């Protein structure tokens, strides 16, 4: 098997990170992709809660403060085997070698606003997440943290977008040969 974007680590199947602002469709996309490809799906937020991989609760943002070291320790062995889809709204603390494709989902601001308010987001939490999307914070974070050729941005406004994204990512997975190619989904 050829060496790939994962810094020379050889594995039979690629690992993907699905990231983006909350409400962009990460969980929907990642779980559908896992089902389509028979890959393992890991939602980091759920893992943090289940395994107590946090340092407490942030009242301002109404969420757990994850312990990044504990999360990475928990996932290290799982990631080595490949065939894993990780879903999380951040990406800069994961080891670069873990991923062969980093997908940043993006959503039009009015669509995102509606999704987040339906989830009960308000105040600082709502404003912060909308601003993150406007300023493309997560796309920039991904580009700063991973090789340019493995980072892609995909639009995720509608169910059709999500279906198209799952189809194109499934196609990418089936053509992956450990080389980080093809360049596009």
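Just so it is clear, glycine is given a Cβ too, placed from its N, Cα and C backbone atoms.
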Students should find that the region 'LID' stretch in TrEMBL, chosen from 107-117, 118-128, 129-139, is 118-128
Close in space but at least six residues away in sequence, with Cβ under 8 Å from that of residue 28 (ATP binding site), the same-chain residues are 162
Its Cβ having more other Cβ atoms within 10 Å than any other among the binding-site residues 26, 119, the winner is 26
